[in-house]
Structures are given as structure tokens and as C-alpha cells.
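Trainee: My questions all concern the structure below.
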Amino acid sequence: MTASPLAPAWLSVPADLNDPRPAGRAPLFPASTRRVDGALEIGGVSVKELQAAYGTPLYVVDEGELRSRAAAFKRAYDAAFAPLCGGADVYYAGKVFLNTSVARWVAEEGLRLDTASGGELAVALAAGVAPELIGLHGNNKSDAEIERALTLGLGRIISDSLDEVRRVAAAAERLGVTAQLMLRLTPGVHASTHEFIATAHEDQKFGLSLHPRAGQERSDAAEAVAEALASEHVHLLGLHCHIGSQIFESAGFAEAARRLIAFLGEVKARHGVQLPELDLGGGYGIAYTEQDTPSTPEVLAAETAAVVAEACAAAGIDVPRISIEPGRAIAGPAGVTLYSVGVQKDVEVETAGGEAAPRRYVAVDGGMSDNARPVLYDADYSALIASRESDAEPLLARVVGKHCESGDIVVRDAYLPADLGRGDLLAVPATGAYCWSLASNYNYLPRPAVVAVTGGTHRVIVRGETETDLLSRDAGIA
Ligand SMILES: *Cc1c(COP(=O)(O)O)cnc(C)c1O
């Protein structure tokens, strides 16, 4: 079959519509995925067994995949930075997908945990993660969040405004404790996928600028460092940046590291203090579709370490302890969402060349409430027939949800078998990050359960919502 004129240029007609992990491209499904008697099996568990036990839609997370990705980051960054600064700390960015099970898995793999609100912090604590291993982010922390972090003795509070540095110092004084503080700066580097843009100023809500504004004597970053160092109740650990998301190459991280390290050199020159830590943030990309070619932690770590060593030598400082904050790259590829196929509709679309071409709309039993990324970010996903094999012709399809919204797309473009029918299961891979955490109850759909699979077993790690849950907060119900 030739490609549909409606298909994006990157989408190829699959040689085999049933293959979850075609050779020669970045895998989309967890490494454990295979077909047994026609049905997809993940973590040794058949999707048909999952469907029978839990229904659909269903978030499936391959525990082994998530753990091995967490461990791979820790191993790679430790290895690359061991000769420079004794190793690296890897903070799992909890916002991508957090519950007590996942928090424990990453902690057991030697990671620390970043949170960005009191609620995320509550999950980390409920999981038993030691407060010293938890960081608290957020551009607008409440006083209550700051006091809780200080009272608990969190490993670090990452502040990104002068206002907050002062509030943290005052709260620490009030409570008689020392705040472990990092400062989030805007290095002027914004990276995504294959490119990065470097500017002086940044037009965004996060971070302290490295450059003075017109009429300002010193930058907000320099001011924050001076105030933090001057406070007896603050221990300034170091600097932090987070330059983007879905990044495949190390060049952006390298440029951000160069800029922050140069600033560390300035801090040393001005204050005679060498700050002990530098966090390069998250943003490591994954494969959502065949167009994606993510790098490996080994390559990224080695390339970044080389630049850090060189920049520290140039700045005349010792290499600080390095930390990173991967989120998506740990949880994303470990997740697969299962849907049941419902209504299908064939439409004819006029192509740019004025011809008519067919597109099949395949509606599933979830949608933008369980995966908001296509609507929010124009994100691409892929889909695979999961409950059986098919040798039918490939057909260009669009997988859509059941919400009252025409933008409710799950997979914008995918070739699916022409004999796809009601009740067939579809598997959408790479849904482990920013899907469950962004889920909503739009149209009063209950949020699906999260089921962990590993070694042929399955268990619920977050139960699905029921209609009772949906009504439970309505104060008008007696
Ligand atoms: C979102 C975020 C991360 C994780 O980003 P990923 O793209 O999921 O790796 C890390 N650090 C900070 C500060 C973030 O806001």
C-alpha cells in the first residue's frame, strides 16, 4: 500500500501492523512487550487478562521498564561524573507521574524525588521517601508549603524569586532551622528535540535572570545569591536550571551548564564562596512515534560531563556536585494506555492537491480526559491493535475520544488494520508521563485505574474512579 496523502511525511506505512517493536527504530513499547497467541503481552501479562480484570480505558505501567530507566539514568550520570565530583544525584520529577508505588520504585533504584506542591510532597512522604531526599519546586510556593518543607527538613527548596528567598530566610529564622536552598536561574537557553535557542533574556515566569534589567545594578540572580549568602538561616547549596522538554541532544544542556558555571565563577570571585551543587534539570526526550530518535542517558551524561569539566576549569572552580531531574524519560516509555474500539466513521478529506482521500475516525472509550497532551501540546502518539493480530490492509486512521470536543484526539495519525472492529483493544504506547497526572473528569468520565505489570503479575497501584467518586464532592447530594 502507498502512503495516504493525508499522512504526515514522517509516518511510514508499517511493514507489519502487528509488530509492537519493529527493528531499526526507537522502540515505543516497553522492552517486555510481545505477542502471545495474537494478543499483546506487557510485563508478562496479556492485555486480554487486563481487560477482563479491570476494563478499559486502563493505564498500564511496566514496573520493570520504569525501574530500569530510573536505574539507567543513575548509573550513567554516576559513571560520567564520578571522576569529576564523585557522582551525580538523580531526582525523579514527580509531576510527570506520581503515586506512592512509583515513588518507592524510584527511591529503591537510588533516585531522589522532586515535588512541586504540597500535594506532591504529601505523596512522597506517604511513600516513606526520606525528607532529605526530597526537593520542593514551584514558582509560587505558599507560606504553608515553605514552612512544611523547612519543618520536615527537606533536602532542598528550589527558589526562583527574590520574594521567595526572603520568605524562606524569614521562615527558617522563625522556625529556628537552616533552609537548604537552590536558586533556579534562567540561563537563556531553551531547548526542544533537535535544537536549542540561546538568548540573554527570557520571557517566562520561571527563574531568576542572569542579566541586569535596564537601570539595575546587578541581576536578580546575583541579588538572590548575595541575599541567600548573607542569611544565617539559609545554606545556599547551588544553582538550578531547567531548559525545556522532549530534548534529544546534549547541546542545550551543555550551553546552559557553561553559562551557570561561568556565573558560579563570578560568585566565587565576588563572595569567595564556591557553591557546592549544580542542577541541570530535566527534559530528556522519549520516542512517542517513529519520528522520534531519543539519545541514551550514557551519551547525554558523557557529553555533558565533558562540557562541565571544561567549563569549570575555565571558570577556575572545582566541579560542583551535579544533579539532574528526568521525569518523562523515566515514566513515559513505561506506560501504555489500553482502549476499546467503539464507533468508527469514514470521512473523505480534500487534500492540498484537490483530490479526495479517506480517513477513518476510530472512537475509543477514553480521550482527552486520560491524555490531554494531544490537545494541550499538539502531541503525536501511535496506536497498535492489541487484542488480536490482523493481516488486513493498513488504513490511515485518527483515534479520537468520546468527549464533546472535536479536538479530542488521542492519536492524530496512525495506520491501523482495515478490519478493526468494535471491541478490539487498541494500545497507545509512551503514555506513562503527563497523562495520568494531567487527567481530568471532563464530561464526568471517571479517571481510569493504573495497573502495574511485572513478571507476569498485575496489581492496581491507583484504583480507578467510580460514579460514586464522581458524585462524592457534590454538596447538593443528600
Ligand atoms: C517538568 C520538570 C522536570 C521534568 O521534565 P521532563 O521533561 O519530564 O524530564 C524537571 N525539572 C523541573 C524543574 C521541571 O519543571
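For all residues, glycine too, the Cβ spot is worked out from N, Cα and C.
Predicted automatically and left uncurated, TrEMBL annotations should be read as such.
Straight from TrEMBL, here's the annotation block:
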| type | residues | note |
| --- | --- | --- |
| DOMAIN | 76-331 | domain 'Orn/DAP/Arg decarboxylase 2 N-terminal' |
| MOD_RES | Lys95 | N6-(pyridoxal phosphate)lysine |
| BINDING | Gly283, Glu325, Pro326, Gly327, Arg328, Tyr434 | pyridoxal 5'-phosphate binding site |
| BINDING | Arg328, Arg373, Tyr377, Glu405, Tyr434 | substrate binding site |
| ACT_SITE | Cys404 | active site, proton donor |
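Describe the structural context of each listed feature in the structure shown, including burial, neighbouring residues and relevant distances.
Mentor: Secondary structure from DSSP puts Lys95 (N6-(pyridoxal phosphate)lysine) in a helix.
Around Arg328 (pyridoxal 5'-phosphate binding site), a 10 Å sphere centred on its CB holds 24 further CB atoms from the protein chains shown.
Tyr434 (pyridoxal 5'-phosphate binding site) falls outside any helix or strand according to DSSP and counts as coil. Around the Cβ of Tyr434 (pyridoxal 5'-phosphate binding site), the number of neighbouring Cβ atoms within 10 Å comes to 23.
Cys404 (active site, proton donor) carries neither a helix nor a strand DSSP state and counts as coil. The Cβ neighbour count for Cys404 (active site, proton donor), using a 10 Å radius over every protein chain in view, is 8.
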Trainee: Between Tyr377 (substrate binding site) and Gly283 (pyridoxal 5'-phosphate binding site), how many Å separate their Cα atoms?
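Mentor: Answer for this pair: 15 Å between alpha carbons.
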Trainee: Which binding-site residues out of Arg373, Tyr377, Tyr434 lie by ligand 1, going by a Cβ under 6 Å?
Mentor: none
Trainee: List nothing but the largest Cα to Cα distance in Å, as a whole number, among the residues Gly283, Glu325, Pro326, Gly327, Arg328, Tyr434 that the record says bind pyridoxal 5'-phosphate.
Mentor: 15
Trainee: I'd like to confirm something. Which of the recorded positions, Lys95, Arg373, Cys404, Glu405, has a Cα closest to the Cα of Glu325 (pyridoxal 5'-phosphate binding site)?
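Mentor: Among Lys95, Arg373, Cys404, Glu405, Lys95.
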Trainee: Determine, using Cα-Cα distances only, which of these recorded positions is closest to Arg328 (pyridoxal 5'-phosphate binding site): Lys95, Arg373, Cys404, Glu405.
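Mentor: Going through Lys95, Arg373, Cys404, Glu405 one by one, the Cα closest to that of Arg328 (pyridoxal 5'-phosphate binding site) is Lys95.
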